[in-house]
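These notes concern the structure reproduced below.
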Amino acid sequence: MAGVAQNGHQEMDFCVKVDPLNWEMAADSLKGSHLDEVKKMVAEFRKPVVKLGGETLTVAQVAAIAAKDNAKTVKVELSEGARAGVKASSDWVMDSMSKGTDSYGVTTGFGATSHRRTKNGGALQKELIRFLNAGVFGNGTESCHTLPQSGTRAAMLVRINTLLQGYSGIRFEILEAITKLLNHNVTPCLPLRGTITASGDLVPLSYIAGLLTGRPNSKAIGPNGETLNAEEAFRVAGVNSGFFELQPKEGLALVNGTAVGSGLASMVLFDANILAVFSEVLSAIFAEVMNGKPEFTDHLTHKLKHHPGQIEAAAIMEHILDGSSYVKAPQKLHETDPLQKPKQDRYALRTSPQWLGPQIEVIRSATKMIEREINSVNDNPLIDVSRNKALHGGNFQGTPIGVSMDNARLALASIGKLMFAQFSELVNDYYNNGLPSNLTAGRNPSLDYGFKGSEIAMASYCSELQFLANPVTNHVQSAEQHNQDVNSLGLISARKTAEAVDILKLMSSTYLVALCQAIDLRHLEENLRNAVKNTVSQVAKRTLTMGANGELHPSRFCEKDLLRVVDREYVFRYADDACSANYPLMQKLRQVLVDHALENGENEKNANSSIFQKILAFEGELKAVLPKEVESARISLENGNPAIANRIKECRSYPLYRFVREELGAELLTGEKVRSPGEECDKVFTAMCNGQIIDSLLECLKEWNGAPLPIC
């Protein structure tokens with residue numbers, strides 16, 4: 001543990017031999033389930049205070065401070081215990097200057113021109129900020145060339161955390177000023193582009209320094225969205241000390257770090273972890289509405305593969321499906337009629353744990369890498385007060401950001417690819433086990449094309465997401481007179497990953513709306529089948545039981561086979577015109593009677609015992625009553641009085657359905673209504689972006705004990 005030396009600087013146990021390479025610490029951080037980690041992240045995100053001490057900052061805390069809706073409610077507090085260490089390093093710089101010590105960035109020029117020398121340390125820091133203000137904003141502070149306020153707030157928080165550790169030679173008062181800006185929701189304007197994240201995020205961070213020093217080109221956004229100059233920003237934030245005259249090393253301490261890249265990466269990974277869990281639950285719902293076979297989640301299968309991400313994904317899906325009546329009903333049908341559907345479900349369903357598992361592991365690993373980065377000291381030189389020296393190294397190299405963001409983005413693209421494959425099966429009546437083409441729910445499929453437009457949109461989203469999966473880090477250019485000849489491109493990669501997260505949210509919201517549509521269609525299917533079955537049974541009893549003279553007729557034995565036809569036939573293949581001779585229901589019902597007539601043999605020659613003679617009577621009465629009964633069943637469901645309740649209420653996935661239907665008011669879509677699919681998808685997308693969907697997602701898994709079902 002860290003202690004405080006007599007000189008006030010934090011004293012770390014760097015020489016302790018236990019875990020000298022930090023591998024054990026990295027491994028320990030991955031203990032426990034990913035879901036538990038996500039729950040912890042959500043809890044941290046919702047805490048009202050983020051306490052900074054330099055070593056315990058999390059991606060969830062960064063995301064909380066960054067979030068626009070949290071700006072007025074979540075506050076930052078600095079550890080008073082860090083003050084002494086920060087002061088010690090600042091005093092050391094001033095003392096070394098007074099002794100004439102030659103230090104990089106304090107008495108020398110920068111980068112490839114570090115051979116230049118000066119004794120005017122304050123002026124050197126001022127010039128550093130001026131020449132790094134090289135960003136381009138375009139038309140105003142809200143232009144597309146300005147870093148979003150959330151990204152800037154994240155960067156400010158991370159930079160404070162780094163500087164609190166006391167290795168950077170900066171005054172504590174400057175950190176307090178940045179904290180006041182955060183707590184009063186005053187956000188400096190930073191350029192979106194212009195950094196290679198080595199030597200740190202020099203250009204964007206220089207604009208925070210520019211605001212602190214009162215540069216005339218500095219701008220900020222106030223708590224109500226107003227544009228502020230530096231003087232106005234200080235007044236609104238309650239920074240009464242006036243603009244800072246930077247001491248030697250303070251400008252370098254502010255700009256020479258990876259905070260913009262790692263701050264944005266933290267925001268991205270908070271969302272990515274939630275999206276990973278979301279994809280597991282959506283895959284389970286997909287299995288429900290597709291009447292999938294649940295054995296693909298059996299623990300033995302996944303235990304034999306050994307990968308923890310896969311094992312957890314399967315266990316989560318198993319938990320959802322174990323409590324699902326959607327799975328139990330088709331299971332009975334598959335047992336009695338194994339040819340009703342293929343022996344195995346297609347890959348998008350059956351191998352979803354194997355597909356999602358590695359992506360979860362990648363996202364989780366990236367999260368840990370970024371959490372190490374936001375708790376690191378990542379500038380140069382580092383002030384080692386205990387050994388009375390400045391260390392010249394390269395912690396500003398943001399490679400952990402670039403690499404983790406490239407990897408996370410590839411994982412997000414893979415999740416999106418699975419969603420698109422599942423969505424494509426869901427809307428295709430050749431694959432979806434009886435759901436209507438395009439998930440149309442209207443009475444006339446010729447005037448209702450359901451989710452056809454949404455499938456096209458999903459293809460577009462998926463294509464863009466796959467393009468974004470291409471790595472950023474292999475596009476490095478040698479910079480700054482070949483001094484920065486390798487650089488991480490961390491912020492660029494984080495920006496592209498933020499785009500990927502946004503697109504995956506578009507896909508997830510569209511997919512969830514489609515799944516809710518499928519759930520309601522299964523409900524409609526069950527009620528329509530029930531109405532058809534009851535009607536066929538009643539008509540059969542009336543027309544097939546008795547002969548013309550009141551005797552029992554041999555056609556009475558047809559009823560069981562007629563009802564079997566209704567059970568087996570996909571409802572939506574005939575629902576728009578149940579008695580059409582062109583649709584399979586009437587054809588197969590007639591075939592049952594024909595088959596029985598053929599078996600009736602010589603009895604067919606007798607008009608009183610002929611089954612053929614009964615066909616016209618049966619079909620005639622069925623045509624007279626069945627359309628009315630089908631329409632009546634549909635109307636009853638639309639009015640909220642269905643004969644059979646919606647199975648989803650008995651399922652563990654119900655909280656997500658309830659959220660979409662009741663909390664957001666997104667309704668069943670039909671061609672008969674004015675509302676479009678995009679309007680409903682927009683509701684879910686907005687809710688996802690605002691974090692409103694998280695509680696419903698976690699409620700689906702509240703009973704999961706963190707382990708798969710036992711192998712019996």
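Start at 1 and count along the chain as shown; that gives each residue its number.
Each Cβ is built from the backbone N, Cα and C atoms, and glycine gets one as well.
Source: prediction; values computed, not measured.
According to Swiss-Prot, the active site, proton donor/acceptor annotation covers Tyr104, on the basis of similarity to another entry. For Asn256, Gln344, Arg350, Asn380, Lys452, Glu480, Asn483, the entry in Swiss-Prot reads (E)-cinnamate binding site. Here Swiss-Prot flags Ser199 as 2,3-didehydroalanine (Ser), drawing on sequence analysis.
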### Task
Provide, as an integer number of angstrom, the distance between the C-alpha atoms of Gln344 ((E)-cinnamate binding site) and the residue listed as '2,3-didehydroalanine (Ser)'.
54
### Task
Give the helix, strand or coil assignment DSSP yields for Tyr104 (active site, proton donor/acceptor).
coil
### Cα separation, the residue listed as '2,3-didehydroalanine (Ser)' to Lys452 ((E)-cinnamate binding site) (Å, whole number)
49
### Query
At the Cα level, what's the spacing in Å between Arg350 ((E)-cinnamate binding site) and the residue listed as '2,3-didehydroalanine (Ser)', rounded?
47
### Query
Any idea which of the binding-site residues Asn256, Gln344, Asn380 has the thinnest Cβ neighbourhood at 10 Å?
Gln344
### Message
If I restrict to non-local contacts, at least six residues apart, and a C-beta distance under 8 angstroms, what lies near Tyr104 (active site, proton donor/acceptor) in its own chain?
### Response
Ser114, Asn380, Pro381, Ala390, His392
### Message
For the C-alpha pair, I'd like the distance in angstrom between Asn256 ((E)-cinnamate binding site) and Ser199 (2,3-didehydroalanine (Ser)), rounded off.
### Response
6
### Query
How many Å lie between the Cα of Glu480 ((E)-cinnamate binding site) and the Cα of Ser199 (2,3-didehydroalanine (Ser))?
10
### Query
For the recorded positions listed here, Ser199, Arg350, Lys452, which shows the highest count of neighbouring CB atoms within 10 A?
Ser199
### Task
State the count of C-beta atoms found within 10 angstroms of the C-beta of Glu480 ((E)-cinnamate binding site), not counting that atom itself.
16
### Query
Which three-state DSSP class does Arg350 ((E)-cinnamate binding site) fall into?
helix
